[in-house]
């Protein structure tokens, strides 16, 4: 990661991870490639070096919701290019509304 | 976002009935109904000549040609019989019109069942209900093919059947005698209610997945919504121009689709009665004269298990796949004399039945639901439209959650 906040650029580094931090301080490290499947938002795609200037966005999302979003990233990446049967992705009713708001936020 | 590819449904396999032992010209050979058990372990089809075939799912390999390239060769009953010990043949004695599997009974139902049916040792049994020509309903145990109960009450063809998805063993039947009836299988099939109001043949019934609503549709062009709690009429949905013959709820109970001989499928919000979409089935070739006017009459409509697609069967010899947010089909497959269709509960396959007693299995679009849709489905599984509108969320999100936008 060359430190530039270039949004979509895959910089050719072997470990391309981004760190998402929830409002209650949990850190989720996900592959940049997986997070890209959800939509692009410059703020979310910063590497560890950029975290400070983009903290406000992630800081609103609680860990139970953010962890579910991260799980979805992996689920989508896993099953998009395979031919196996796609299993269900269950979402607890109490998480669904906040997750929807987070997703809408992330996706635009 | 979905995979985005609009793959034409490919024919995976076709099953044909063998010659019946006593060839009886009086019985028809149509496959009026096809059904998968809710857990996906069985498939049933009324193959005409009063016979219902029950086969375990997935199909044995001999029926699926390698590579899914071609239709399987004609498979008569005799060649099938040897390789399928678990296959069951139910001789119903008269034409079978409606079929429905129960889900696995939920615990309180199991206890009640054991108390009333001590002679049936396996209290966790899958049940198949069959609706017959003279109004009788026969209840069968799937695993053994044993006839368990005979329900009497209807005065004419029982065209459709629906079990409550909760496993409570409550059965709803829809009949040409213009009534629907509610039966409690925990109590020897006691008839607990008669629902009157339709003016012509009732063609179909469907219970919403959250078990709160019952939809019925009839020849007089109206669609009725009943409460499954009080068994009273909630509202009538008007809009079709001809007999309404098929109905289905979305998996989250938030949408209802109805199909009519008027060539349209209407998508409704069952909580408000609003019409959300009209899916018009146009003929691919323009009609030469008035005789072709009804050629796109609908026969059947069903939702895919994740709630993003619909399959329809129409008289213009096409199976169509529709994506909810679009106004034209995304894929077509030719099928002659189609009568019914249903999705495999875990997705990937659509089963159809035809007038000549055949069933076909087609590939269904492979869907990876967007996270937004998964959230919507989770929320709408327990929130009514009015509850959504009362939430403190932006207007755009309400529109999304109530399926006004996709």
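Just so it is clear, glycine is given a Cβ too, placed from its N, Cα and C backbone atoms.
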Region 'Disordered' per TrEMBL - which of B:30-49, B:50-69, B:70-89: B:70-89
Sequence-remote partners of the repeat 'WD' (B:291-325) [C-beta within less than 8 Å, at least six residues beyond its ends]: 2, 6, 9, 242, 245-252, 255, 257-265, 267, 277, 279, 281-284, 331-347, 350, 352, 362, 364-365, 367, 369, 373, 377, 403, 406
DSSP-assigned states of the domain 'SOCS box' (B:370-406) in counts, ordered helix, strand, coil: 22 helix, 0 strand, 15 coil
Positions on the same chain near the repeat 'WD' (B:237-278), where near means CB under 8 A and six or more residues out: 200-201, 203-210, 212-213, 215-225, 294, 296-303, 305-307, 310, 312, 314, 322, 324, 327, 376-381, 384-386, 402-404
For the repeat 'WD' (B:151-186), residues assigned helix / strand / coil by DSSP: 2 helix, 18 strand, 16 coil
Tally of DSSP helical, extended and coil residues in the repeat 'WD' (B:237-278): 0 helix, 21 strand, 21 coil
